[in-house]
There are 10 protein chains.
Amino acid sequence: MTAPIMPKADAAELITAARIRQGLTWSDIAERIDAPVVWTVAALLGQHPVPAEKAAVVVEVLGLGEGVAESLTRQPMRVADDAAASDPTIYRFHEALAVYGPAIKELIHEEFGDGIMSAINFKVDVARRADPDGDRVVVTFDGKFLDYRW
Amino acid sequence: MTAPIMPKADAAELITAARIRQGLTWSDIAERIDAPVVWTVAALLGQHPVPAEKAAVVVEVLGLGEGVAESLTRQPMRVADDAAASDPTIYRFHEALAVYGPAIKELIHEEFGDGIMSAINFKVDVARRADPDGDRVVVTFDGKFLDYRW
Amino acid sequence: MTAPIMPKADAAELITAARIRQGLTWSDIAERIDAPVVWTVAALLGQHPVPAEKAAVVVEVLGLGEGVAESLTRQPMRVADDAAASDPTIYRFHEALAVYGPAIKELIHEEFGDGIMSAINFKVDVARRADPDGDRVVVTFDGKFLDYRW
Amino acid sequence: MTAPIMPKADAAELITAARIRQGLTWSDIAERIDAPVVWTVAALLGQHPVPAEKAAVVVEVLGLGEGVAESLTRQPMRVADDAAASDPTIYRFHEALAVYGPAIKELIHEEFGDGIMSAINFKVDVARRADPDGDRVVVTFDGKFLDYRW
Amino acid sequence: MTAPIMPKADAAELITAARIRQGLTWSDIAERIDAPVVWTVAALLGQHPVPAEKAAVVVEVLGLGEGVAESLTRQPMRVADDAAASDPTIYRFHEALAVYGPAIKELIHEEFGDGIMSAINFKVDVARRADPDGDRVVVTFDGKFLDYRW
Amino acid sequence: MTAPIMPKADAAELITAARIRQGLTWSDIAERIDAPVVWTVAALLGQHPVPAEKAAVVVEVLGLGEGVAESLTRQPMRVADDAAASDPTIYRFHEALAVYGPAIKELIHEEFGDGIMSAINFKVDVARRADPDGDRVVVTFDGKFLDYRW
Amino acid sequence: MTAPIMPKADAAELITAARIRQGLTWSDIAERIDAPVVWTVAALLGQHPVPAEKAAVVVEVLGLGEGVAESLTRQPMRVADDAAASDPTIYRFHEALAVYGPAIKELIHEEFGDGIMSAINFKVDVARRADPDGDRVVVTFDGKFLDYRW
Amino acid sequence: MTAPIMPKADAAELITAARIRQGLTWSDIAERIDAPVVWTVAALLGQHPVPAEKAAVVVEVLGLGEGVAESLTRQPMRVADDAAASDPTIYRFHEALAVYGPAIKELIHEEFGDGIMSAINFKVDVARRADPDGDRVVVTFDGKFLDYRW
Amino acid sequence: MTAPIMPKADAAELITAARIRQGLTWSDIAERIDAPVVWTVAALLGQHPVPAEKAAVVVEVLGLGEGVAESLTRQPMRVADDAAASDPTIYRFHEALAVYGPAIKELIHEEFGDGIMSAINFKVDVARRADPDGDRVVVTFDGKFLDYRW
Amino acid sequence: MTAPIMPKADAAELITAARIRQGLTWSDIAERIDAPVVWTVAALLGQHPVPAEKAAVVVEVLGLGEGVAESLTRQPMRVADDAAASDPTIYRFHEALAVYGPAIKELIHEEFGDGIMSAINFKVDVARRADPDGDRVVVTFDGKFLDYRW
């Protein structure tokens, strides 16, 4: 009863190991817990608290222990991982923001006025678009506009 | 003949001043030069070299001098502006990458294998989506998949 | 017509100089433009676009030029000033967040669930509370709760 | 007798695990030790030394060992956790300070003269305020004014 | 009337130039304005607002203009100068804090309990102490103890 | 014979645990080893090599093993602990240097010429001074003046 | 089944130990798995996922366990190791980029137009070139040109 | 006679402006001064002192003044430009070093023993290699091997 | 056979412990392995690969195991230890470079032309020079001049 | 009388320009002012106050104005120039300290006990030593040993 809760990073490592060894994709797991796939991966990697019933399905599907489920349900501290930002697959998004971020800001203000795209009332999607010159990765950021309102 | 080329930051300031004073939107200008609007804003803010004929249209529409056009056509050094990353409108995108970046990476690899979304063979779009709970900002990153290939 | 818009930092310096020389308080100015005082100070220091009619009142009251008014109405880039964070008057708030931030987070989640206090749909107030042991500074952060919602 | 004192971070993890498993809120615990709730959470997370009698109640309520109580009573090193500052729930407060900090400073000086709000003779409160447009998080910083006095 | 107030750094440069050219020491000036010498130097370098009557004496003694006096009276933003911290004369104090800071903290807590030495209700003195092995620099930090008090 | 020497941080943790459990103050220990109290605390926390005879007294008084004594006698690497600098009790000293450091430098040069206060031929003292407005922490830095001498 | 996958850094350490103890060069191993030698070293140090059949050869040749092979096949997070960049053998390349990087950029644009050398569709080679004044290290970066294409 | 020497950054801007306005390539200029093209660009951008006779040719070809020639001949301080490292065209090289640097180091040691590739007795070349899948940028780093030799 | 090689930091700790316990100086050890003393210390602390025969002598003299010898012979990654740079004994050298580095650079160029002192074909010596005003530490850096040579 | 003193960086630029144009070496100037050459260069670059009589000689020899002399005599703020540390000629010294700094520290302690080499009671020399394998740069750091003395 006095053991600490398993850190979310450890739970994520166990989930990843079981997922790979059982030949399951992230999409398979997302389907099993009936949740959007990006949300599912983010949550299982530790970025969202997972509802208890979904956590129970995850550990059952992957044959993991209750400690993993308990860890998944805990409220996370969402710490930015600066090291991960240097991974080339992730870095390209940061580079795109460096190049286009001020332009995106200009156009949000032009269309909506002074405010932001919420990153909380927010969803993101990753898709493949076939293209004769090479298929494309299409990532859609979709968040509610919030205007500066005193 | 020996004056330096106007820095792109100065050209961007002059373009912005003229655009606002004449009541033109970025979309108006993009239409005039027949270019995608995010590309147009990014380019006029200094992130892309602008073809000479488009630069000529910009300075004509805005009533600016040849020095601005010359500046626009120059190849830029695309330096990341770390300060801009703290602007709340831009920061939300960095926050979304901190929360969802590793998940996006997992799904790119699941769908495409080892590789990246190109940030060079790439386009980005900003759109408004009506929503009864409040309209939404929808930003789409669309880049060619490049696989690690030796 | 081709001069750049006055930088907001320059406008703020001119406003500050005129305000001090005329013996006006920030509260006086806030009253003149019929706006909350913290909002007023933040906006005149460059953190918010000021509606044209309010900007016109500001420059009229302070005897400043149209360039200041134009600068005030522009959409700002809200860059975080890391140097200002070391000023002792401002630093105490950062220190309080270092000491109490994780506790505040715990209690927001306990009361509201997973989510954040908006810093956009948000207002802040500075007040004086008399106290026999020495008067107190009372700063209230008041933002809409936003739940993580996919 | 020669074992080191349990680190406060470990005590906090054990307290959190027991609290969650027993279905207790932070408010429940604060009530048990008759202390303000933000103070209680901060102290149990390691930011304040806890009086021995209160520490004894905490470990009794949560069924933890004496080592946890000993750890709680120790004087802390209050190290700022820069990583935690990137958690979105905490970050919004830092962002608010980036946007409004200089304005808050101006108004403190206008009202009190040259000095600061103490972060030591200080209390903070987290409350919920009902609002038809969505309930609000209200966080109040309340510290004694200290004037620069030689 | 619309010129900005002279930056405190510029005022400090002018004061320094006049002081050196007239062969005045900082102590001479402190005496003239009847203020402690460390306070005087800090204030004239820009770290404290100077009362108007003292500022008037300073500019009169040094033959400077009213703009310097106006600058001196302004409330400063006390920004930490990280570069100055590398000057060997200043660095030795930082090094001493690196070596002895945690010990000083232990002894403050042992003597006073949980709290801090105020850096606001605070004075500092620089003195020379004769010593046959070489005279010594004696710098005394003297601040009111503030206990953590909720 | 081939075990590594106990790290000084571990020795410090053991000393601290024993000291607290036995109800000894740092001053008690300093008296036992006949050494200045700030030196004693700094040395036992790992910042100075402790002479073997004093180390023997420390471990005897506190009932610790020979490994602790061996660790104490080792020459330290005196690494600056940047995290500790954010502890409010320690931070106030850094803040005081940010505000008054350049003034202290000016006065050292005015009194002694070009040079520094040694941080090696140096002692520091922490004292309490009674004051009707609240007792004061008085910390004295006392170091030999060293002139730049080629 | 629920053990985490061995971290790639651990696998790399085991591979290195076995390689050295068996007197094998990196070239020997590259030959065994029929892969380019730079790719082989990078992959075995953890920068590329290794196809299962090649991983099987590696562990067989070096007498390592299946856990190493499983680790090698996993998709890596390619985190930049800033510490390694200070190793003199690696640092010289960074220094060369500091000195010649902008010139390389100019010539890429002069020859190819606006775009980059891909670091994904990319290979690198290390060779020795005999030279009477001392043999030379010749490192060739060879990547597909990608033009900025919207 | 007492004017400062023109900063190399200013000379580089003037050279660039004249080069572009006259429609000359870097290769044209390199040919005129009979020097390798990467060396030429680096030197004219300020990274190498330029022999007086070559500097004279440069200013004559480009129609620039003697001040530019004088600036070119001066010994440079070769300061690393961290901002330039974020330009995508330059960043790809840093990324390649992050991914392949340790492997390159291993192979240099395997082939040459303990030592480095000199970045001083060094040359670099940029070439285009035709490829049916898209032409390639080939950058060759060629430096003398220096062994650690006491 | 599959255990990893002992990290050089661990080997260094074991060597240090044995050296101190046996009352041997670094000079004693350097003599035993017939190597310069600075090289010896640096190598045993992990900065140079140690030839197998010398490593064998070290472990024999100090009574350590073969694992230590194996570790010593491995090629190091020479990572800069930024924390060590804050140790006062080491820091003084960095401070001297901050004060005199640009002057040293000027004189190297004046005497040798454009180039550097090699840090690879390099040796360093530490000596004591008696002086009536206090003995002096004399550290000599001695490296081959390398001219920038394309 | 109210003009600020010329910044030392500007004085250094003027001295450098005049020195180069007149074909004088640093050694020539050092001889003229009868001072050690490294001290002379450091002082004229702004790192030491220059006695008035030597400053007068410098400006007379170089044909500069009184403002330069006044600037030279002023007490400097000796700020570390982190950018200069990346210049390859200077960087090699920092690299040598990264590799050999801890070894130098060990040997200082072995020879002298606990303490440091002073960087204030200190001199440095740059010399050329002929060597058939290439002449060598010999830089000698020579500082008084200071023992930690309470």
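Every residue, even glycine, has its Cβ placed from backbone N, Cα and C.
Since we're looking at a predicted model, the values are computed, not measured.
TrEMBL has this to say about the protein:
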type	residues	note
ACT_SITE	A:R92	active site
ACT_SITE	A:E95	active site
ACT_SITE	A:S118	active site
DOMAIN	A:79-150	domain 'Cyanate lyase C-terminal'
Taking just the CA atoms, what is the gap between A:E95 (active site) and A:S118 (active site) in Å?
21
DSSP three-state assignment (helix, strand or coil) for A:R92 (active site):
helix
Measure from each Cβ of the active-site residues A:R92, A:E95, A:S118 to the Cβ atoms of chain J, and list in sequence order the residues where some distance is under 8 Å, or 'none'.
none
Just to confirm my parser: what is the rounded mean pLDDT across the domain 'Cyanate lyase C-terminal' (A:79-150)?
97
Given A:R92 (active site) and A:S118 (active site), what distance in Å do their CA atoms have, once rounded to a whole number?
22
How does the domain 'Cyanate lyase C-terminal' (A:79-150) divide up by DSSP, counting helix, then strand, then coil residues?
28 helix, 28 strand, 16 coil
Name the residues of the same chain, 6+ apart in sequence, whose Cβ is under 8 Å from the Cβ of A:S118 (active site)?
A:G143, A:K144, A:F145, A:L146
Chain D, Cβ under 8 Å: which of the active-site residues A:R92, A:E95, A:S118 qualify:
none
Using all protein chains in view, find how many other C-beta atoms are within 10 Å of the C-beta of A:E95 (active site).
21
